[in-house]
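Feature annotations, courtesy of TrEMBL:
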- 38-501: domain 'Topo IIA-type catalytic' (DOMAIN)
- Lys46: site 'Interaction with DNA' (SITE)
- His82: site 'Interaction with DNA' (SITE)
- His84: site 'Interaction with DNA' (SITE)
- Arg126: site 'Transition state stabilizer' (SITE)
- Tyr127: active site, O-(5'-phospho-DNA)-tyrosine intermediate (ACT_SITE)
Amino acid sequence: MSDSLDLSLDGVERRSLADFTEQAYLNYSMYVIMDRALPHIGDGLKPVQRRIVYAMSELGLGADAKHKKSARTVGDVLGKFHPHGDSACYEAMVLMAQPFSYRYTLVDGQGNWGAPDDPKSFAAMRYTEARLSRYSEVLLSELGQGTADWVPNFDGTLDEPAVLPARLPNILLNGTTGIAVGMATDVPPHNLREVASACVHLLDDPKASIEDLCVHVKGPDYPTEAEIITPQADLLKIYETGRGSVRMRAVYRVEDGDIVVTALPHQVSGAKVLEQIAAQMQAKKLPMVADLRDESDHENPCRIVIIPRSNRVEVDELMQHLFATTELESSYRVNVNIIGLDGKPQLKNLKALLNEWLVFRIATVRRRLQYRLDKVEHRLHLLDGLLTAYLNLDEVIHIIRTAEHPRAELIARFGLTEIQADYILDTRLRQLARLEEMKLRSEQDALLKEQAKLQALLGSESKLRKLVRAELIADAETYGDDRRSPIVARAEARALSENELMPTEPVTVVLSEKGWVRCAKGHDVDATGLSYKAGDGFKTSAIGRSNQFAVFIDSTGRSYSVAAHTLPNARGQGEPLTGKLQPPPGASFECVLLPDDDALYVIASDAGYGFVVKGEDLQAKNKAGKALLSLPAGAKVILPRPVADREQNWLAAVTTEGRLLVFKISDLPQLGKGKGNKIIGIPGERVASREEYVTDLAVIPQGATLVLQAGKRTLSLKADDLEHYKGERGRRGNKLPRGFQRVDTLLVENS
């Protein structure tokens with residue numbers, strides 16, 4: 001008794017609230033763990049499941065019996081063994097009858113027992129009927145053979161089995177889930193033949209490793225044809241630790257351009273998958289899907305049809321996206337926490353579980369054989385008495401007719417036991433005829449042979465293990481089936497980005513002088529001919545695809561990016577970019593690009609500094625953009641030039657002084673941001689005062705012609721002509737001929 005316990009004068013027990021609640025919750029948690037939520041390793045059942053199966057067997061609802069109302073079964077279970085709610089009991093019964101929930105059903109239901117789309121859509125127990133399935137024989141066939149320990153029911157009026165004498169490790173075959181207090185269990189189902197094969201291997205080689213056992217047990221086997229895509233190394237780790245997760249992926253095929261899903265992961269609802277896909281379509285996040293249909297019926301329990309928008313849609317990419325964003329791919333927790341033979345919950349790996357179950361099975365078979373041996377020896381004892389009576393039939397009859405106490409007289413005269421004497425007195429005379437003697441002799445011979453066989457089995461551990469082995473093989477042949485869930489190596493699913501999900505249509509992004517932007521479909525757009533607001537006009541444009549980011553560079557050298565498909569269309573006059581972006585005060589947008597991530601560009605200031613940058617480095621993640629190009633005092637941004645081949649292309653730079661310099665682009669560094677290196681030599685003070693600056697840049701492929709425009713004049717410099725202007729990066733460059741001191745534009749003509 002604790003120190004905090006006190007008895008008052010009126011006999012009322014007083015305890016502190018802390019002590020009482022701690023003890024009460026401990027009692028409750030132990031009850032939930034041991035008698036509700038966790039299965040026993042022996043039969044793999046929770047108490048409510050065990051009581052349902054046993055009650056149905058007591059009602060005579062075997063696999064060959066006529067179906068009986070489920071309400072009758074539930075009533076017996078509640079009234080005799082399980083005083084809990086009827087709905088919870090019936091739901092447990094329904095689960096054992098659903099072939100899409102249980103790998104090997106224990107109950108054979110008739111009526112509406114739910115559907116894969118909605119497992120809880122089953123009819124009330126007053127409408128459905130049930131009997132035990134053929135597989136339930138694995139749990140019940142040896143029940144009346146001294147193999148089970150019996151315990152009183154809740155009111156002490158009946159006995160019930162503590163654990164059913166399972167002939168196969170049902171804990172692995174059907175698996176289970178349960179949430180107790182402070183612990184839970186999640187055991188996946190497995191294939192009967194594979195598990196039986198592993199048990200046989202463990203009997204043959206008790207030192208077998210878990211890796212050896214996994215040659216037989218490939219992995220879980222759910223009641224669905226969906227694929228298990230967990231790597232073999234991860235499955236091995238699950239069986240070594242008893243913990244982990246299993247991933248399942250739906251199976252699909254392509255029929256006449258349509259995607260047909262034929263198998264869903266375990267306990268995944270087709271209706272919910274359709275809702276998830278439809279939600280993406282309504283949010284315009286799945287433009288490549290035109291329609292959805294659910295064509296599931298009795299013959300095709302799962303047939304979900306996904307119709308792509310066109311035959312150009314990459315089916316594999318689309319399905320990878322759906323696997324990553326819907327329950328077409330699902331994960332299942334594994335936590336093999338079960339009650340062992342010692343009555344304690346424990347996390348077990350595959351070998352420990354199978355070893356412990358084999359200990360249970362061998363002990364069960366030993367009890368069965370001993371029970372049968374006791375029966376045989378008892379019968380032989382009675383037969384000995386009967387045959388003694390037959391040999392002395394006349395004297396026996398005389399004693400029975402004349403003796404005052406024939407029982408005692410028979411015992412004294414023939415040396416019989418009380419049991420033998422009682423049996424002789426209860427036997428009819430006609431059973432002592434000559435024909436009956438022959439039957440008795442024949443029965444005695446058969447029982448003596450059986451006795452010797454049973455004694456040999458019980459006396460030899462190796463023979464007992466061989467018997468268990470043979471029975472496992474026979475049961476695997478009787479109840480086993482092929483694997484339903486294939487184990488397949490698959491790459492990890494990847495959700496498509498927002499850009500990848502967008503239709504890849506050709507577009508032209510147009511930027512106006514005032515910083516208004518719009519996006520027109522196609523590349524043949526006359527941007528100068530579009531309608532502009534009063535005082536505004538065309539500034540620049542860029543072509544690309546609708547799934548690209550439009551990159552804008554402002555007058556301070558900052559870059560910004562906006563998804564092209566989010567820009568306003570060209571039917572109107574567009575919208576100001578300041579509604580989407582936040583440039584510094586006084587900054588203006590100078591250019592627009594639609595770059596590929598891997599594309600290269602020369603970005604430079606008219607002060608003669610620049611560098612090579614990748615397309616992905618031009619993009620910014622926030623509205624305020626990112627500092628891309630550092631501008632010297634008085635300098636301005638020059639429109640970036642695309643680079644096709646950094647090693648083979650040349651860069652031409654021309655200044656307002658009529659100086660031209662040509663050098664290899666590979667001499668420029670590739671940076672993510674900064675001022676860059678000197679392209680052409682211009683004194684800083686001349687840039688600041690705008691006396692001299694770079695007017696244009698051009699990227700020249702090998703062998704191409706450079707065309708210079710100065711007003712209406714043009715000058716074409718072929719590859720040989722360019723040699724005069726080639727030099728080291730950062731030099732002043734050579735003077736152009738008279739009349740080309742003010743070059744406006746550099747153009748490139750490929751030969």
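Glycine residues also receive a Cβ, built from the backbone N, Cα and C atoms like all the rest.
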(Q) Which one is it: of the recorded sites Lys46, His84, Arg126, which Cβ has the fewest other Cβ atoms within 10 Å in this structure? (A) Arg126
Q. Could you give the Cα-Cα distance between Tyr127 (active site, O-(5'-phospho-DNA)-tyrosine intermediate) and His84 (site 'Interaction with DNA'), in whole Å?
A. 21
Q: Report, in whole Å, the straight Cα-to-Cα distance of His84 (site 'Interaction with DNA') from Arg126 (site 'Transition state stabilizer').
A: 18
**Q.** Spatial separation of His84 (site 'Interaction with DNA') from Lys46 (site 'Interaction with DNA') - C-alpha basis, Å
**A.** 14
Q: Sort out the sequence-distant neighbours of His82 (site 'Interaction with DNA') for me: same chain, 6+ apart, CB within less than 8 Å of its CB, listed by position.
A: Pro47, Val48, Arg51, Ile52, Cys89, Phe154
(Q) When DSSP is mapped onto helix/strand/coil, what comes out for His84 (site 'Interaction with DNA')? (A) coil
(Q) For the domain 'Topo IIA-type catalytic' (38-501), report the average pLDDT of the model, please. (A) 93
(Q) Let me check the 10 A CB neighbour count of Tyr127 (active site, O-(5'-phospho-DNA)-tyrosine intermediate). How many other CB atoms are there? (A) 12
